[in-house]
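Some features that TrEMBL has for this protein:
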- 21-116: domain 'SH2' (DOMAIN)
Amino acid sequence: MFCLHFGTFCHISSSVSLIRWYHGSLSRSEAESLLTLCKECSYLVRNSQTNRSDYSLSLRSCQGFMHMKFTQCKDGKYILGQNSPPFDTIPEVIHFYTTHKLPIRGAEHLSLLFPVLVQTL
């Protein structure tokens, strides 16, 4: 697990839910519902529906919605899609793509600009 702490990333043993753009076990269709009223480049991270230990990035593009899987490599690092450089944590991946274009076909012109935050009461 991981957290963002004073601008640096660290592994923690508590829940990933400390990250406000992480929406947990949100389904693909629920993610799309949240992103419907959002502008292009809005994003959230959720558990993958195919494997609950994996994560997916859901993104609003001008064509609609995109869903990309974070892959954990054998060395424990994470990549987004197939052409991403490896990162130690998912927050590092997200941070990198806030200032770089996504390496995903159909999203090459997009960066992660607008996190869709979990609403807390």
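In case you wondered, yes, glycine gets a Cβ from its N, Cα and C as well.
All annotation found in TrEMBL is predicted automatically rather than curated by experts.
Per-residue pLDDT, averaged over the domain 'SH2' (21-116), rounds to 94. Residue counts for the domain 'SH2' (21-116) by DSSP state, with H, G and I taken as helix and E and B as strand, are 15 helix, 29 strand, 52 coil.
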